[in-house]
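Pasting a structure here, questions to come.
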Amino acid sequence: MILQAHLHSLCLLMLYLATGYGQEGKFSGPLKPMTFSIYEGQEPSQIIFQFKANPPAVTFELTGETDNIFVIEREGLLYYNRALDRETRSTHNLQVAALDANGIIVEGPVPITIKVKDINDNRPTFLQSKYEGSVRQNSRPGKPFLYVNATDLDDPATPNGQLYYQIVIQLPMINNVMYFQINNKTGAISLTREGSQELNPAKNPSYNLVISVKDMGGQSENSFSDTTSVDIIVTENIWKAPKPVEMVENSTDPHPIKITQVRWNDPGAQYSLVDKEKLPRFPFSIDQEGDIYVTQPLDREEKDAYVFYAVAKDEYGKPLSYPLEIHVKVKDINDNPPTCPSPVTVFEVQENERLGNSIGTLTAHDRDEENTANSFLNYRIVEQTPKLPMDGLFLIQTYAGMLQLAKQSLKKQDTPQYNLTIEVSDKDFKTLCFVQINVIDINDQIPIFEKSDYGNLTLAEDTNIGSTILTIQATDADEPFTGSSKILYHIIKGDSEGRLGVDTDPHTNTGYVIIKKPLDFETAAVSNIVFKAENPEPLVFGVKYNASSFAKFTLIVTDVNEAPQFSQHVFQAKVSEDVAIGTKVGNVTAKDPEGLDISYSLRGDTRGWLKIDHVTGEIFSVAPLDREAGSPYRVQVVATEVGGSSLSSVSEFHLILMDVNDNPPRLAKDYTGLFFCHPLSAPGSLIFEATDDDQHLFRGPHFTFSLGSGSLQNDWEVSKINGTHARLSTRHTEFEEREYVVLIRINDGGRPPLEGIVSLPVTFCSCVEGSCFRPAGHQTGIPTVGMAVGILLTTLLVIGIILAVVFIRIKKDKGKDNVESAQASEVKPLRS
């Protein structure tokens, strides 16, 4: 046995020398902490590294997670003798120490980390051989109603462990249309748009799906796979808009009054109403059972119909489905009397008016609903004043209100005016209206133009609209200021486009010819206009309009070089924001009145997204479009004459970008500062919110959440709360007092699905009164206690020195005074 071991060591040594491991560098070196990566499943007896011994070390010792796989020879050769398995242990933590001849550690031990790299040696496996679920008809497309889950023991951070789900077959398959779809990454099953519209439990109450899962992200021919079966029951969706409601106006019943109801499919929904029209007064409410009420009497004359939305939300305020449209029609009651068109309605009648001729029509109004009995009016003459030469000179059509002459006995000199009182009634109300009928002279004179030819007039085609270009005049010898003498001017020839009009002065009968529409040299350079003057009252029998009532006029329009004219003031186009570069996104058209060619250009393309064909006006994309950066995207289009004076005109082009799923999810806000108090007494959790910049309309985002790395699964778990919120929870309480960065993978379930990996920093720290306590360090510029004591002692020392100097100086001054006193007494002369 000993001989066999020595032989094995000798073979390794020879292999080691033959392959160059003995050279200092990549494969050999001094004893120090090191990390090695080795693929699992490789042949054993592979040399990993040669450690060099420094005297007095003569041999090496290996400890740690060797699993009887890793061995170190006395000479320092580290190798493994069996194939590694990442799924058994992904990391081996070893320690190597150098020993002297007596077996005493003289160097180390140092950590040696062996990381086992993954190979694709495990097939994915569904957690269940069969799944069952249910979905309601008309459920929102893309909203998951069931998840299938598979596991793969390979490393999820590599393609080996990345799973790809797909639907193999749908049974039954109706018209070759897929009603179901699956998120390739998460296994979330939802309805397609066709499934949302066409699923009907009355026709097909159940479906079966065969789902496959592949590893290698489904991108390799050598992928391992597994399949499972999914049985789906289609249930009726009771979240449906109710039938339109009719509510009688001005109801005197106690309010609120229940008028209809909506119901979500499951209990616990929170209901609300949304005023679609943003009315200042919204007279409806809904309770938490889904019953809808009118809260006050309605007035049909104020508003005859209401349209609003009923919304169902979950406990977090997120919509459960699309809102339902509620229609309420206000039913009319007869609560309005007829009204007269004016206090007094005036008509004129010629004294020789023929029997039965129409004098005029009295049109009363009723605010109740049109074309119903409530607004159906009857007319009746109740009084004629004066009754000369007899009563009953006039009659009125009962339902039309048209007044007619009943008897041919009118004479202006005897009775120039009649007053009628007319009763207008609906089925419940009556109103009196007053009509004044003026008897006027017979219309036996025609209008006569003062001249029959108003000559020629030359105008530029850009003459302003509203300009008066000509004054015409006709006279009438009938009774002044009556319908027999009033003159109306009409253009009967030469202006088929209606570019001109004539206004009449009622006091002078003067006609003013004005420009109503732009003149155009290109279509009407010369117009031969014919005017006709006539009265609003009919002429008496035997009198007809003749040439005296007609006049002519020639209008000559001169050319003006006009700018090109766009066919529209604003052009709009709608495209998906992910269209390929070079795609035609719209076009504009303009014409030059003079027929010149036009060159198109763009102005205000601040993002450089578009180009325009200068000849055809077709607009193309030249860069990636982004709805989130700007939609609608507004630019100006310039049309310029080619040649001539190069006049130009400008129109707007609005490009509406339809959203695609091109923004990965992210955290809704900065979550710096999340913490748990250390040590944990029980597992804890934190709630966070995700968002993205794509458009979600009513349904809002529906994210799914998972941990961003398989290495986090022992410490953390993440669970979905709703479409935007999730809970991060600890799996145990044994955390160190430090900051952890937890990676979260967020999938938006869109088409195509996008994922974002975000970081949540979570700190485990000591707490004081529920807050994270971090000891304050020394701050630059603030003295420490030692510094303060030093400053104080220095100050006292300086004061002491100053006092000592002062005292010494005082003492010296005293000594000097004493000497001077002594000397003075010694020289004083003696007296005898």
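Using the three backbone atoms N, Cα and C, a Cβ is placed for every residue, glycine included.
Pasting the relevant annotations from Swiss-Prot:
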{"type": "SIGNAL", "residues": "1-22", "note": "signal peptide"}
{"type": "TOPO_DOM", "residues": "23-787", "note": "topological domain 'Extracellular'"}
{"type": "DOMAIN", "residues": "129-244", "note": "domain 'Cadherin 2'"}
{"type": "CARBOHYD", "residues": "Asn149", "note": "N-linked glycosylation site"}
{"type": "CARBOHYD", "residues": "Asn184", "note": "N-linked glycosylation site"}
{"type": "DOMAIN", "residues": "245-340", "note": "domain 'Cadherin 3'"}
{"type": "CARBOHYD", "residues": "Asn250", "note": "N-linked glycosylation site"}
{"type": "CARBOHYD", "residues": "Asn419", "note": "N-linked glycosylation site"}
{"type": "CARBOHYD", "residues": "Asn456", "note": "N-linked glycosylation site"}
{"type": "CARBOHYD", "residues": "Asn546", "note": "N-linked glycosylation site"}
{"type": "DOMAIN", "residues": "567-667", "note": "domain 'Cadherin 6'"}
{"type": "CARBOHYD", "residues": "Asn587", "note": "N-linked glycosylation site"}
{"type": "DOMAIN", "residues": "668-777", "note": "domain 'Cadherin 7'"}
{"type": "CARBOHYD", "residues": "Asn722", "note": "N-linked glycosylation site"}
Closest of the glycosylation sites to Asn184 (N-linked glycosylation site), Cα to Cα, picking from Asn149, Asn250, Asn419, Asn587, Asn722?
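Comparing Cα positions, the closest of these glycosylation sites turns out to be Asn149.
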Closest of the glycosylation sites to Asn456 (N-linked glycosylation site), Cα to Cα, picking from Asn250, Asn419, Asn546, Asn587, Asn722?
Asn546
Pull the DSSP breakdown for the domain 'Cadherin 6' (567-667) and write it out as helix, strand, coil residue counts.
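Here the numbers are 0 helix, 48 strand, 53 coil.
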How big is the Cα-to-Cα gap, in Å, between Asn419 (N-linked glycosylation site) and Asn250 (N-linked glycosylation site)?
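Cα-Cα, rounded: 38 Å.
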Among Asn546, Asn587, Asn722, these being the glycosylation sites, pick the one whose CA is nearest to that of Asn149 (N-linked glycosylation site).
Asn722
Check the DSSP secondary structure of Asn419 (N-linked glycosylation site), expressed as helix, strand or coil.
strand
Looking at the topological domain 'Extracellular' (23-787) alone, can you tell me the average pLDDT?
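Overall, the topological domain 'Extracellular' (23-787) comes to a mean pLDDT of 90.
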Measure from the Cβ of Asn722 (N-linked glycosylation site) and count the other Cβ atoms within 10 Å, all protein chains considered.
16
Taking each of the glycosylation sites Asn149, Asn419, Asn546 in turn and counting other Cβ atoms within 10 Å of its Cβ, which one has the fewest?
Asn546
Give the distance between the Cα atoms of Asn546 (N-linked glycosylation site) and Asn587 (N-linked glycosylation site), rounded to the nearest whole Å.
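That comes out at 55 Å between the alpha carbons.
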Which residue, out of the glycosylation sites Asn184, Asn456, shows the minimum number of other Cβ atoms inside 10 Å of its Cβ in this structure?
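Sparsest of the glycosylation sites Asn184, Asn456 by Cβ contacts within 10 Å: Asn456.
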Across all the protein chains here, work out how many other Cβ atoms are within 10 Å of the Cβ of Asn587 (N-linked glycosylation site).
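Counting Cβ neighbours of Asn587 (N-linked glycosylation site) within 10 Å gives 17.
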If I take the alpha carbons of Asn722 (N-linked glycosylation site) and Asn587 (N-linked glycosylation site), what is the distance between them in whole Å?
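Cα to Cα, Asn722 (N-linked glycosylation site) and Asn587 (N-linked glycosylation site) are separated by 44 Å.
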